[in-house]
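Enquirer: From TrEMBL, for reference:
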DOMAIN    167-622  domain 'Major facilitator superfamily (MFS) profile'
REGION    1-38  region 'Disordered'
REGION    169-193  region 'Disordered'
TRANSMEM  234-254  transmembrane segment
TRANSMEM  259-280  transmembrane segment
TRANSMEM  286-304  transmembrane segment
TRANSMEM  316-338  transmembrane segment
TRANSMEM  344-363  transmembrane segment
TRANSMEM  469-490  transmembrane segment
TRANSMEM  497-518  transmembrane segment
TRANSMEM  538-560  transmembrane segment
TRANSMEM  572-591  transmembrane segment
TRANSMEM  597-618  transmembrane segment
């Protein structure tokens, strides 16, 4: 066998017996010095001996007594889903159900904050005071504004504001040459007339979002100051991106609970101060910090929710939180109509976070994270607290979790930063693939929303703000319902692949087929009209928004499952930050008067094709235990997309077949090298 050949090589040849080992698995003093790692000594030719392999137990692996204080902790303690969680009663325990409920309730408050920009920064119709509403400047601009990219846990589905006539007058009319998916907007007034109309010292506004006054009307962010609205949206998204990256790393180092509680405290401070802003600069700056703190709340609650659940319940519990956030989206117009003023609305959105201050005393640290980082003293106290709350008797500890925990109390904590993922082979690949998927899904959603916005003049229903708002919210709701069904039958990887294929098809058909239809419609005898093209474009836009919403949401959830517990928040932060970069393209393109929109759509359409190939490299995590450390995540390799036929030989080795090579992996971990002429499978090279 391969291990026998390695032993013979380590002993110097078949005729030489390996150094004897004591009964407890340790080496005699003399042999222990000879078997130290090679370090700076010469190779085999320099007389250095290879370290002998540890003795094997009947199961095929190294003897359990080889583990010293510096070795890995007991596998029983690292098997959280198989040992610790059943001992605590799983999700059937009353206290665990209470904790899950406590992660659902803030999702409603987060939903309010996610969609607040649609009301605070909505671009109203405006006209010079005293001139009368009939001379309004923005009256014929696109009143249905799609694609506001201020949603970061689910896909952006709220309306966004286009620039007023000053921006519309500068917009390029080359969309017909670029492609058929963006029909030209109504022709604005002559630029000279518009410049003279903007020469006004006081404005009257027609706000459509249920408010009497919002940020735009408060500081007259129209005409030459219209770009400040996009900067306000930009600052919030940048705050979210930095928040995801920084709070994710901190949560892996100091814990989920401290990050959650400090984020709550500071979002109360910055969020309430936003309502007291005296100018748009102060408003944008405070919105940056509000987004930073909100990212910490979203990130830690998402990780805590995943780490509380057994394998079979993780997806549905996460989807319930998404539905609660959508309830906040549907209730937001009523809340705005009730408040009437943007400052009152902002304060009312932030004040519910005061209830989360009680989490300091009722919400514990993640037990899974304590066990994974070897903080066994704190884990023991928390386990005793949970068993008391769930009325679990010590006799139910069939696998002996508590005795094993007592043996490991002297172990020092071992915390890991997300940068460690760079040295892995499979884990970094999985995270990068999901980052690209998230970036593509959230970024291309704006393209479909912008295409939908281009047809609102021809579709009277889309001219109403509330029709826009609830249409996009309904698309997101249907997308989440479809995710529940698809993931149940196809799994995480199969569902993500299906939705990405739908996104790619909708994008490519919208870019190619509609352009072809537009050319044929120019012929009188073609039988095609512009209405046929518009109907196809709207249909493809709806399908694209539906599928891209699922791609973005499923990528985030997928990352939470395949990233090890010790760096889960850091991995989630990377994927959510990638989503933020995708959403950031919307205000940037708006800021540049929609220039480069068609190229933007082309780039993301190409990314969907790349993502379809990369998704096949991902593992399937349905009904699998969460990986706890880097080693678990590294061995979380992909499985075939379709099951093997009976009698067919799989190309990849199974876990049972890999046991024959466990000795090789152990030798490699201690710095051992193969003898000359030997290969990884132990066969002699020819």
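Using N, Cα and C of the backbone, Cβ positions are placed for all residues, glycine too.
These figures come from a predicted structure and were not determined experimentally.
Help me picture where these features are in the structure shown.
Expert: Under 8 Å from some Cβ of the transmembrane segment (234-254) lie the Cβ atoms of residues 117, 149-150, 152, 263, 284-285, 287-296, 299-300, 303, 415-418, 566-574, 576-577, 580-581, 583-584, 587-588, 591, all in the same chain and six or more residues away from its ends.
Residues 113, 215, 219, 221, 225, 228, 232, 247, 250-251, 286-287, 289-290, 293-297, 299-301, 304, 343-344, 346-347, 349-351, 353-354, 356-357, 359-360, 363, 569 of the same chain lie 6+ residues outside the transmembrane segment (259-280) yet bring a C-beta within less than 8 angstroms of a C-beta in it.
For the transmembrane segment (286-304), same-chain residues at least 6 beyond its ends with a Cβ under 8 Å from one of its own Cβ atoms are 99, 103, 106-107, 110, 113, 152-153, 232, 235-244, 246-248, 251, 256-257, 259-260, 262-264, 266-267, 270-271, 273-274, 277, 318, 321, 353, 356, 366, 556, 560, 568-569, 572-573, 576.
Nonlocal intrachain contacts for the transmembrane segment (344-363), taken as residues 6+ away from its ends with a CB within less than 8 angstroms of a stretch CB, comprise 99, 102, 105-106, 108-109, 112-113, 116, 119-120, 211, 257, 260-261, 264-265, 267-268, 271-272, 274-275, 297, 335-336.
Long-range contacts of the transmembrane segment (538-560) within the same chain: residues 153-155, 157, 181, 302-303, 306, 315, 318, 322, 430-431, 434, 437-438, 440-442, 444-445, 447-449, 451-452, 455, 459, 472, 475-476, 478-480, 482-483, 486-487, 492-493, 495-496, 499-500, 502-503, 505-507, 509-510, 514, 568, 571-572, 574-576, 579, 582, 618, 621, each at least 6 residues beyond the stretch ends and with a Cβ under 8 Å from a Cβ of the stretch.
Counting only same-chain residues 6+ beyond the ends of the transmembrane segment (597-618), those with a CB under 8 A from a CB of the stretch are 175, 178-179, 181-182, 429-430, 433-434, 436-437, 439-440, 443-444, 446-447, 450, 492-493, 496-497, 500-501, 503-504, 507-508, 511, 558, 562, 585, 589, 638, 641.
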Enquirer: Counting only residues 6+ away from its ends, which parts of the chain sit with a Cβ under 8 Å from the transmembrane segment (316-338)?
Expert: 100, 103-105, 107-112, 114-116, 118-119, 153-154, 157-158, 209-211, 301-302, 305-306, 308-309, 345, 348-349, 466, 469-470, 473, 476-477, 480, 483-484, 553, 557, 560
